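One structure, as structure tokens, below. Some questions next.
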Amino acid sequence: MASASYHISNLLEKMTSSDKDFRFMATNDLMTELQKDSIKLDDDSERKVVKMILKLLEDKNGEVQNLAVKCLGPLVSKVKEYQVETIVDTLCTNMLSDKEQLRDISSIGLKTVIGELPPASSGSALAANVCKKITGRLTSAIAKQEDVSVQLEALDIMADMLSRQGGLLVNFHPSILTCLLPQLTSPRLAVRKRTIIALGHLVMSCGNIVFVDLIEHLLSELSKNDSMSTTRTYIQCIAAISRQAGHRIGEYLEKIIPLVVKFCNVDDDELREYCIQAFESFVRRCPKEVYPHVSTIINICLKYLTYDPNYNYDDEDEDENAMDADGGDDDDQGSDDEYSDDDDMSWKVRRAAAKCLDAVVSTRHEMLPEFYKTVSPALISRFKEREENVKADVFHAYLSLLKQTRPVQSWLCDPDAMEQGETPLTMLQSQVPNIVKALHKQMKEKSVKTRQCCFNMLTELVNVLPGALTQHIPVLVPGIIFSLNDKSSSSNLKIDALSCLYVILCNHSPQVFHPHVQALVPPVVACVGDPFYKITSEALLVTQQLVKVIRPLDQPSSFDATPYIKDLFTCTIKRLKAADIDQEVKERAISCMGQIICNLGDNLGPDLSNTLQIFLERLKNEITRLTTVKALTLIAGSPLKIDLRPVLGEGVPILASFLRKNQRALKLGTLSALDILIKNYSDSLTAAMIDAVLDELPPLISESDMHVSQMAISFLTTLAKVYPSSLSKISGSILNELIGLVRSPLLQGGALSAMLDFFQALVVTGTNNLGYMDLLRMLTGPVYSQSTALTHKQSYYSIAKCVAALTRACPKEGPAVVGQFIQDVKNSRSTDSIRLLALLSLGEVGHHIDLSGQLELKSVILEAFSSPSEEVKSAASYALGSISVGNLPEYLPFVLQEITSQPKRQYLLLHSLKEIISSASVVGLKPYVENIWALLLKHCECAEEGTRNVVAECLGKLTLIDPETLLPRLKGYLISGSSYARSSVVTAVKFTISDHPQPIDPLLKNCIGDFLKTLEDPDLNVRRVALVTFNSAAHNKPSLIRDLLDSVLPHLYNETKVRKELIREVEMGPFKHTVDDGLDIRKAAFECMYTLLDSCLDRLDIFEFLNHVEDGLKDHYDIKMLTFLMLVRLSTLCPSAVLQRLDRLVEPLRATCTTKVKANSVKQEFEKQDELKRSAMRAVAALLTIPEAEKSPLMSEFQSQISSNPELAAIFESIQKDSSSTNLESMDTS
């Protein structure tokens, strides 16, 4: 420390030198010292350093002054508080100095100090004291109005301080407001402007009283309307306040908007511009409160969008031949200058109107149909705008409209969406000709910016409406070529033109482009050869698509591609051979050449084998190998049967080696490539090549990656079909892995189907030691030997399905094996595991093969219904249902008879019936529907809920067989006197709804409202199942319920409330325990709300929705967890609405995070509380992603509470890490 002090005193001495270079060097060295974390200054050194730095601020040399100011930053954090106060005092005094240079340098110094203070959320006393000290001096400097330059600096610093530390100055807010308000009438516009900025920062942290005073002052001054100049200022101020604190100004809009509307009619362009800008900020920041005024705002914007008093567009408006009239463009360009007028401010009004319409379109999704009637035609008619900046904003507004129209969820554009009448998409479709007509002239404009806007517009249009431009390609192609050939155009314009062409090529049928190929190929080929890599890369994408256009392989085409092949091949091979090009260009050149060989390979002659050799080289390169594998897969699948023999000998072993690389995408790509090679080139592959691949397969067949396993099994299936002689190699480790995977509980879905296909293909190859009985023993052996216990029930199902697959492939083996399984079930010495497997296998075999010849089968299965093992009983129930599907006339009447005569076995027999209804064909079941229906209705009033649920599922699935007859019958039971019957039919409806189109959908749409009326049922349980059914509809087929939301939501929200009358106390021994019978229904209601966020957001009043989310944040553990998830979704989906409610949301989150569990609680309680805290923190992290959320005083206070609590800080940090790593994973293109 002594040496540091000595070094610093040495520097201080040099700073007094008369030589400016000495002073500069010494100050620079001091700066370096102060930036070191290790530096510690004693009191004396601190005092001397501060004194010297302040002295150097008045140095004659400007460079020394600048360095001294920079030293203030690190110095503030290294010296004691009273020294910081000395610095601030001196700087404030110097700010009022007569010397201009000293004033300037001192104000920079103050900004530096303020910038270095710890944020308000840290709760630092230093920050608070310094800010208070500065505030008093600044307010007096601002209020004096003596020297404008001092005022401007003071206002600047005040704004800076309020934005960083506003929360610490709450006591000063009234005096700050008092000093700022008079400045709004300053004769200097610069002073007014900075005052508005300062007020904008003030309203983010000030208390309500100050905020009300400010708004009342502005409203009163606006009502007086003393002078046009101050009125403009007040409107600007209101807009600024709305931008910074929209959630606070909302309640005053009823008073503000009529005033602003009135001022729009005053003949003052500047005032109009500010009024429309104010509307824009209201629309973006006060979505709920502005809603009643949106139509008024749209009308004003539409009026002023065309406001151009100094220019006459008439000659262009009705040009019927505009599509062909390219010649007249230059004359129009020349006329601009005659009308151009330096005093003409009308363009600013038009720009404000376009931006405000953009805001309306972006925030009011529910008004889309209305926008297409009014806003869309108006914007299209303004694409001809003469002022470039305005035109760009008009285009941007239309882009926003298109983006809002793009279907976010697939059901929006599904044919089964069943929304009648004009939809936004059909309205857009009808306006496409007008859009193209308006864009056509703009695409030949000199302005690069305009042409870029046109390309962005066309790209978005085609993304929203694929195929929309089919009729208009002849008009658009010349415009695209114009930009590609334009020598003066920028790289970005060419990239946009190419990217637009690519999207158009991808989304229209090839025939549309055939007349234009001759014109398109030369400019695209030229772009492939462009020296700028980004243009080349984009052009290669277009070339690849052009290849598919000139010779589509998936449809007949009479187009002659021959004249273009040489040019396309030559430009691509040049890029493929080049070694020193950009990575993306390398990859796209490989993909493009792959497409050329796939579609045109039969025309390449000797070039083909040379090109394939280059592919072989690229396969050996780590950077290009994955792209090359994909290209080879494409070529190998080509119907042209490309000759790959020259590269297979060397290529297949390389591909085999990729299977052991630690790169998942490469493994998957390679398995696809090998699969297609085996299918199409088996006669060119040698046994050695295939053995090399088989050696690599065992590690890939594992439950740790089911997708890779599935691909590997599919490859083996292909091998069994086309190259059966190679299978003798698999009996060792590959088969062990396969059998191991069959026993895995994770084997389901696609991987299980692949496994079944494989066993069926394998068993018919006649390979030694891999016959039917061999494979059967391998699959079932462990169950019989009891050597390895199969812990998971799913494993038995998988083995049984494999047994059935083998038996279907070898039907002659069936009777003996079925007989054996029947004996296994009968045998009293069989373990439960053996019985379980035997029953499931009988079920799976019987599903596909008629087992009615096995006379004792029925009695054996019914006997198993009496087993003490629940799993055996369940398997017997499944087996009976599954066997019945194999021969309905034999088994279904038997099952129905048993249900009637065996009340004790009813539950199991109903499960058998459910299996029959779920799996049998509609035609097969039709004759039995009436009998089954009558039987089910007898049991739908059963008091046992489990039985009722099975009955409901059967009723629902049966209804799908004959919806026209059965759905009205179901509806009839809604008036049943039994609440059990009502809950059964409402649950049944849930099983008629699926996520794909079905014949029942239109019928269901007409009557689902009747079923949902049970949300008003007096019985709690009926209301709960109605919510579950509603949730299923909202999730799987939202179009069923979208139009009913206005009537359903009040009842849904009603069920989110805690009901005191449903809470009761139960005595458990010496303890009293509270039971809430309403919890389940509240949970169901909140689950519906969560689903609606994804499927019907545009139909929700989000503020009403948030009211109930707020209640949920204070509810039971399960509901809190759901509402935390909702907050995370809401932060992304409607951030501005959440921001308005932020202060009300923070409190319950804070309460959850700071709740302590009683020390004597059980471990579960601690775990639950911990999970609650983590979920609440996730919600906080999501809220903080909303721009300006951290500016809320309550939120910043909560943040400082989190950072000062080690436990909460640790949780918060880990959640932020998790979310950033999730984002990185989602970016992983593999």
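Keep in mind that glycine also has a Cβ here, set from the backbone N, Cα and C atoms.
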From the list SER335, SER340, SER901, pick out the residue that Swiss-Prot labels phosphoserine.
SER335
Among SER17, SER558, SER994, SER1226, which is the one flagged in Swiss-Prot as phosphoserine?
SER558
Is the repeat 'HEAT 26' (1099-1133) packed against any residues at least 6 beyond its ends, judged by a Cβ distance under 8 Å, and which are they?
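For the repeat 'HEAT 26' (1099-1133), the nonlocal Cβ contacts are 287-288, 366, 1042, 1045, 1049, 1053, 1056-1058, 1076, 1079, 1082-1083, 1086-1087, 1089-1090, 1092-1093, 1140-1141, 1144-1145, 1148-1149, 1151-1152, 1168, 1171-1172, 1175-1176, 1178-1179, 1182-1183, 1185-1186.
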Would you mind checking how many other C-beta atoms are within 10 angstroms of the C-beta on LYS971 (N6-acetyllysine)?
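Around LYS971 (N6-acetyllysine), other Cβ atoms within 10 Å: 15.
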Which bits of the chain, at least 6 residues beyond where the repeat 'HEAT 16' (688-725) starts or stops, bring a Cβ under 8 A of a Cβ in it?
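Contacts of the repeat 'HEAT 16' (688-725) (Cβ under 8 Å, skipping residues fewer than 6 from its ends): 648-649, 652-653, 655-657, 659-660, 664, 667-668, 671-672, 674-675, 678-679, 682, 733-734, 736-738, 740-741, 744, 746-747, 750-751, 754-755, 757-758, 761-762, 765-767.
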Mind tallying the repeat 'HEAT 26' (1099-1133) by DSSP state, helix then strand then coil?
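Counting residues by DSSP class gives 29 helix, 0 strand, 6 coil.
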Under 8 Å between C-beta atoms and at least six residues away from its ends: which parts of the chain pack against the repeat 'HEAT 23' (961-998)?
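Distant Cβ neighbours of the repeat 'HEAT 23' (961-998) are 414-416, 917, 922, 925-926, 929, 933, 937, 940-943, 948-949, 951-953, 955, 1004, 1007-1008, 1010-1011, 1013-1014, 1017, 1019, 1021-1022, 1025-1026, 1028-1029, 1032-1033, 1035-1037, 1040.
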Using C-alpha atoms only, work out the spacing between SER558 (phosphoserine) and LYS55 (N6-acetyllysine) and round it to an integer in Å.
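Cα to Cα, SER558 (phosphoserine) and LYS55 (N6-acetyllysine) are separated by 88 Å.
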Cα-Cα separation of LYS971 (N6-acetyllysine) and LYS55 (N6-acetyllysine), in Å?
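For LYS971 (N6-acetyllysine) versus LYS55 (N6-acetyllysine), the Cα atoms are 90 Å apart.
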Mean pLDDT for the repeat 'HEAT 1' (2-39), rounded to an integer?
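Summarising the repeat 'HEAT 1' (2-39) by its mean pLDDT gives 84.
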Among all the protein chains here, how many other CB atoms are within 10 A of the CB of LYS55 (N6-acetyllysine)?
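LYS55 (N6-acetyllysine) is surrounded by 13 other Cβ atoms within 10 Å.
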